[in-house]
């Protein structure tokens, strides 16, 4: 009797732990695919997208073209991110994966510090030299960095602040896979100083230990979104 009880407790603990892991990423599909459609009849929303009738799915639902085209990086941060997620490929709905191309201007092109609240990222450099890194969570706040060259791969754990900076004299190009159909992105400076409506300056003055005039100046700036 005691042994059965122990086995039951162990099985229950394993199941509970597995459910916690499952909830940490996109839900697993319950069919071959679930091509997304923009249908919100009666104001009903789902965690993801509504599904097209599988019999009506076609190749275009799983296709995107154009990631070979260099993007314009003439902007304040010197980079442009081209996403390929469920918004571009409806067939990615429920599959828990997406892709981005990132173009960086010569020396100084920056994908600013940001986080993906729903995805781990794995990045591969195709051209150029990138200084990349991420910061661990409180209380260590440890900076982990690496200089990447073509063919090098680097992973950014889910939810952690990370960045890429072009330290070469030529343009740089990278591709990254993300473990979500809709990873989301929170660019730190944009979120903190460019929120709508603005965060009370007193909050930021105390949080960043800055003069209030500096905070109001930063809040008055236009914060570029490179996505």
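Positions of Cβ are set from backbone N, Cα and C atoms, glycine also.
Taken from TrEMBL, the feature signal peptide applies to 1-24.
A C-beta separation below 8 Å, combined with a sequence spacing of at least six in one chain, links residue 34 (disulfide bond) to 48, 49, 51, 52, 93, 94. What TrEMBL records for 34-51 is disulfide bond.
What TrEMBL records for 65-216 is domain 'Cupin type-1'.
Within the same chain, the residues at least 6 positions away from residue 116 (oxalate binding site) whose Cβ sits under 8 Å from its Cβ are 156, 158, 159, 178, 180, 183, 184, 185, 186, listed in sequence order. Marked as oxalate binding site by TrEMBL: 111, 116, 121.
Marked as Mn(2+) binding site by TrEMBL: 114, 116, 121, 162.
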Protein Cβ atoms within 10 Å of residue 51 (disulfide bond), excluding its own: 19
Nonlocal neighbours by CB distance (under 8 Å) for residue 111 (oxalate binding site), same chain, sequence gap 6 or more: 77, 79, 81, 102, 104, 163, 164, 165, 226
Near-site residues: oxalate, ref 111, 116, 121, CB cutoff 8 A to centroid: 100, 114, 115, 119, 123, 156, 162, 176, 178, 183, 185
